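Data first, discussion second: the structure below is written as structure tokens.
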Amino acid sequence: MAGEGREDEKKKKLGGLKTMPFILANEVCDRFATAGFNANMVQYLQNELHLPLIQATNTLNNFGGTASLTPIVGALIADSFAGRFWTIAVGSMIYQLGMLGVTISAILPALRPPPCPSQSPSCQQASACQLAIFYISLFLTAVGSGGIRPCVVAFGADQFELDRRQQRAGGSGQQWNFFNLYFFSMGVALLMALTVVVYIQDNVGWGLGFGIPTVVMFFSVIAFIIGYPLYIRRKPGGSPLTRLAQVVVAAVRKRKLALPDDSGVLYRNKEMDADISVAGRLLHTEQFTFLDRAAICTNSDITAAGLPRPWRLSTVHRIEELKSIIRMIPIWSVGILIITASSHNHTFTIIQAKSMDRHLAGNFQIPAATLSIFSIVSMLLTLAIYDRLLTPLVRRLTHRPTGLSYLQRIAVGLAISLLSNISAALVESRRRSTAVTHGLADHPSATVPISVFWLVPQYAIHGIAEAFTSVGHMEFLYDQSPESMRSTAAALFWLAVSVGHYGGTLLVILVSDFTKRSKQGNWLQNNINKGRLDYYYWLVAGLQVFNFVYYLVCARFYTFKPLEIAGDENMGKVVDGETGSGGCDVELAAGATVKLYYANQKE
């Protein structure tokens, strides 16, 4: 008893806010480096490596696509066998190697082509060897990022789940504050990258511009590893994809069996699920009942040693893991259109800004790409105000530790994001009419006499909306995903971002193809003074209305996962459900009896 007491006391000293500097520093440096690289990388490829525009664009698109897919692989590795800590640590080291390679390429003259002759229109492109070194470096950063992004948010939230029984009973506000802190830290990193790093790259040099994020990342890796003794480290529960596949195979094999009237006789096994249900087992729900057949026990499902055959028999907990993922998909998919609707902030809005009056004082002009800072600043302010002012006020009304639930938070963000595109449409209509009035319709490079600060509201509104939607989306994926698949769930967040960006590209292609056949002509012309970019914004706003209604329907009928609270004295208490009644429960201890539900086989 004394030994157990000392062990419990030792566990209580793990996790908590003291681990955040080590964990978030790693993620901040990842976002800082990624944003610092991407913001100006197209100029580096063209001006330093002398690549054509199309090749430079394809290089960045391929890099972005790879960086968006690797988190899925990293999450599966973490959840299957490596654990989150080691996945983050190894991923950070690989990322560091990639950054070092990019920096060395920018410093050593032998790894890039000679400068263009001042009087010659042609430039020598980078050789195959020079490009190979650069591409390998980019690939390493994409692979390393795959180990960091899906695991940091889950690993950080784990630090606030030491007392799992209390967390399932009422929830800890500290855990949800972590999600606010996570996105706040990301915003700070982006803000620093778009100001400090970009300025250094443009005005000092590429070697120093790439070198600063590389050095910062090195120290963040060291700091993360130093924090090892302080972390709560969850044991991986084996391949989640294998478990899900076993449920499907077992259910298909028993598709002709009749389901029992009493779900309490379905197969349960505490010891078998111990490693994947530390905080409590999932309880039976009445959705997707076809899968319940996987938990019907037959004579052939148990070995002579009394062990279940996993490809023939699954526990209720494992079946509910699959059900949880299926239930999450509709609300997860809402995030795709959120990204699609905002993807123009880095394309069309920049083109608008370049055509407007960007003078701030005297001859100083604001760079068009710098306007995205207003979105980041508004997101940071919203997160701070929400966490410190709004949450305490809303908590009095909702009696929730977090104030708004994550589903309510997403809904608020969706409504606000609609206003961003409405503002964009109205401003573009005014900008275009001003250009026509001043006879500038046929002069796309001319400056339209309208201040660029008219674009600030749509950027600011977008930042406010992101503080609600992105944080709420991540909270939802973390909380409703199975306990053993939370890294995979975090990877789904980045997958939605990736698909959303590709959706934005597809939307532009479709709009351009359809509208160029109309009498008014292509909405998305190279000369935006003659196009109808405002119509495009109204179309996107309409899609957001559809997405909002779709979300409300999904949220209204969403079933929260029912969970049994772990802990001896609390066993049997549940959240959002009722406990089962033993049923076909096979104990794996030696000499244990085996109680089976024998199904009537259909001929």
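Every residue gets a Cβ built from N, Cα and C, even glycine.
What TrEMBL lists as transmembrane segment is 85-111 (among others).
Residues 19-20, 23-24, 26-27, 30, 33-34, 37, 49, 59, 63, 66-67, 69-75, 77-78, 84-85, 87-88, 90-102, 105, 111, 175, 178-179, 182, 231, 474, 478, 486-491, 493-494 of the same chain lie 6+ residues outside the transmembrane segment (131-157) yet bring a C-beta within less than 8 angstroms of a C-beta in it. Residues or ranges marked as transmembrane segment in TrEMBL: 131-157 (among others).
As annotated by TrEMBL, transmembrane segment applies to 178-200 (among others).
Marked as transmembrane segment by TrEMBL: 206-231 (among others).
According to TrEMBL, the transmembrane segment annotation covers 364-386 (among others).
For the transmembrane segment (406-427), the list of distant contacts is 331, 334, 338, 341-342, 344, 349, 352, 454-455, 457-458, 461-462, 464-473, 475-476, 479, 534-535, 537-538, 540-541, 544-545, 547-548, 551-552, 555, 558: same-chain residues at least six beyond its ends, Cβ to Cβ under 8 Å. Annotation source TrEMBL lists transmembrane segment at 406-427 (among others).
Per TrEMBL, the feature transmembrane segment maps to 491-514 (among others).
Annotation comment: TrEMBL describes 535-553 (among others) as transmembrane segment. Listed as Cβ neighbours of the transmembrane segment (535-553) (distance under 8 Å, sequence separation of 6 or more from its ends, same chain) are residues 331, 334, 337-338, 340-341, 344, 348, 410-411, 414-415, 417-418, 421-422, 424-425, 428, 507, 511, 515, 523-524.
Tertiary proximity for the transmembrane segment (85-111) is limited to same-chain residues at least six positions away from its ends with a CB under 8 Å from its CB atoms, namely 26, 30, 33, 37, 44, 48, 74, 77-78, 130, 133-134, 136-148, 151-152, 155, 205-207, 209-211, 213-214, 217-218, 220-221, 224-225, 228, 231, 233, 487.
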